[in-house]
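Trainee: Quick one: this structure, given as structure tokens, is what I'll be asking you about.
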Amino acid sequence: MQCQDFHHFGQKLVRRRLLEPTEDSESPMAPLNPMKLVAFGVASTLGAGVYILVGEVAMFIAGPAIVISFLVAAVSSVLSGLCYAEFGTRVSWTGSAYLYSYISVGELWAFITAWNLILSYVVVTGSVARAWSIAFDSLIGNHIFQALEGTFSPYMPYYLAKYPDFVALSLVLLLTGVLVLGVRESVLVGKISTGINLLVLSFIILSGFIKGDLHNWKLTEQDYTLNTSESSDIYSLGPLGSGGFVPFNYDGILHGAALCFYSFVGFDDIVTKGEEAPNPHRSIPISIMSTVFICFLAYFGVSATLTLMVPYYQIQPDSPFPQAFLHVGWGPARYVVAVGILCFLLYRLQSSLFPVPQVIQEMAEDGLLFRGLARTHAHTKTPIMATVSSGILAGIMALLFEFSNLVDLMSIGHLLVYSLVAFFVLVLRYQPDCNLSKNEKIEDKIQMMPLVKENPLDSEPEAGSSKTLKSLWLPVSTTPTQKSAQIVYGCAFLLVLLLTILSLILVQWPSQVFSGDPVLTTVAVLLLLLTTGITVIIWRQPQDPSPLPFKVPALPLLPLVSIFVNVYLMMQTTSGTWALFGIWNAFGFLIYFGYGIRHSLAGNNHQQPPATSLHLPDS
């Protein structure tokens, strides 16, 4: 009886949503060619990271080597983008990572993916609001900072911001009110904002060619001493480190990459435009790769410009570019740049909160979150409760947490989602007939988890452990079977565990590992050998021969490299960030196992009626 209960519970965790088009997906949409998709992706990706984050990373973490940090973050984004592209092409219409996960790998995975997407989107909104407040305060002389810090700083715990940012809170609440009224994202405003952003970036980069000094990439202790004696109260010098191009060693580059990853979040929004693309299976992968490349060029250009114009230890992290122009004697230009930055961040703030209510509403309609969150206004069709709840949460984040803490938290959430997508791509390629591009019931497909009962035809007597070991290296079939799929699933789980342990060792004790410490080096080598052996076992298993419009190359290596890079960057974040991340996911599991698993529509034989509309007076 206990085994049956456990089996039934396991089936609940991997039950899948039916692949049925929604009413919205049947409405005609204007086609988006690859150029428009790239423009949409760039507009969704370029944000606060390029204007605020670059100053803090360059001053305290990576120095001029921030350009390499952006390169590492871009490589991670490219690997994740390739996996995201294949994952998205398995479904023939628009959706998010949540929908694709629910259809292909099961309910629990979908909940984890969506729950962390909500965290990332909410934190992005809070961080952009905080960035706008910082930029505005810097423009008017830091009067808000001085007043609030002097009043609240003695009462704020060490793990929160130095002062509550009421300007950022007000912005988020104002935006939430606008969304509740049913205001939609304006395409025209988006184009104007993106144009302003590109003009500002171009001006900054061109200024770097004119006013930049290569000596700022070769600074020494003598330069630092000279700047210390000449500095006034306006400048608060940061640490010198070891000087030169890499002042904080390679640990600083990798830690900076974990933060710089924040700047590339948004390219995955392209997948949600699949229905509007005439050939999504080709245009979406190309658009994702092009978006990441264009954004990397922009980030490389502005970070190189900043560190060439100003010595990295003299950068003002709260307002790096306006202060850089002041440093080189272009005082009037700082106001033009500051106003352009404020205009763009205001639009970015508006667009960052739009996806959150949609994800919450979709989860509530599926029964994984409380049904009341799916209620909509009868006239505007706005998800009222989802919008208000996400706005309040984003406002709290903007009010109480530092910008850098929000960046860390957002990065770890999105890195987890991208790692899950890479894991899903790896596992699904070795499943029997897992092409989900057809409209068919998922329950009729072979389940992929080991918890599912074996087919009676496959229950022939085993010849002992030697036969099992032989099947790891020499599969009996050239097409995936239930047994080979279970082998891949188990090996993939084991690989994730080994890569996580290896990443932890490399982050915590890098010098000891590479200097030949007898214990740590031996453990790292053993982990690499085990990882290589298990990867070969997966490689030997048969893949699903069903054609896909786009396939990740070099399977299983590329998804595993993506997972390793993402996990390694996650390990670079602080313990406080991991504590917040753990609390958020613990709360999510409490909701799922306490409510969602019992109310999920995927577990019912018939669909429940749609969520009731919330009739509010028209404004």
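Positions of Cβ are set from backbone N, Cα and C atoms, glycine also.
Automatic, uncurated: that is what TrEMBL annotation is.
According to TrEMBL, the protein carries these features:
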DOMAIN    550-600  domain 'Cationic amino acid transporter C-terminal'
TRANSMEM  37-54  transmembrane segment
TRANSMEM  60-85  transmembrane segment
TRANSMEM  97-118  transmembrane segment
TRANSMEM  163-181  transmembrane segment
TRANSMEM  252-271  transmembrane segment
TRANSMEM  292-313  transmembrane segment
TRANSMEM  333-349  transmembrane segment
TRANSMEM  384-403  transmembrane segment
TRANSMEM  487-507  transmembrane segment
TRANSMEM  519-540  transmembrane segment
TRANSMEM  552-571  transmembrane segment
TRANSMEM  577-595  transmembrane segment
Trainee: Across the domain 'Cationic amino acid transporter C-terminal' (550-600), what does the mean pLDDT come to, as a whole number?
Mentor: 92
Trainee: By DSSP assignment, list the helix, strand and coil residue numbers for the domain 'Cationic amino acid transporter C-terminal' (550-600), in that order.
Mentor: 40 helix, 0 strand, 11 coil
Trainee: At a Cβ cut-off of 8 Å, and with pairs 6 or more apart in sequence only, do we get at least 3 pairs between the transmembrane segment (292-313) and the transmembrane segment (252-271), yes or no?
Mentor: yes
Trainee: Report, as numbers and ranges, which residues of the same chain sit near the transmembrane segment (60-85): CB under 8 Å and 6 or more residues beyond its ends.
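Mentor: Same-chain contacts beyond the ends: 54, 97, 216-217, 238-239, 241, 245-248, 252-261, 263-264, 267-268, 271, 284-285, 288-289, 292-293, 295-296, 299-300, 303-304, 307-308, 312, 317, 415, 418, 421-422, 424-425, 550, 552-553, 558-559, 561-562, 565-566, 569.
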Trainee: Does the transmembrane segment (97-118) make contact with the transmembrane segment (577-595) through 3 or more Cβ pairs under 8 Å, each pair 6 or more apart in sequence?
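Mentor: When sequence-distant Cβ pairs are counted, the transmembrane segment (577-595) touches the transmembrane segment (97-118), since at least 3 lie under 8 Å.
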Trainee: Cβ under 8 Å, sequence separation of at least 6 from the ends of the transmembrane segment (519-540): give me the contacting residues as numbers and ranges.
Mentor: 426, 430, 472-475, 487-488, 491-492, 494-495, 498-499, 501-502, 505-506, 509, 512-513, 556-557, 560
Trainee: Which bits of the chain, at least 6 residues beyond where the transmembrane segment (577-595) starts or stops, bring a Cβ under 8 A of a Cβ in it?
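Mentor: Here the qualifying positions are 108, 111-112, 115-116, 119, 368-370, 405, 408-409, 412-413.
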Trainee: Would you kindly list the residues that approach the transmembrane segment (384-403) from elsewhere in its chain, counting only those six or more residues past its ends and only Cβ-Cβ distances under 8 Å?
Mentor: 48, 52-53, 56, 118, 121-123, 125-127, 129-131, 133-134, 160-162, 164-166, 168-169, 171-173, 175-176, 179-180, 353, 356-358, 360-361, 364, 372-377, 409, 614, 616
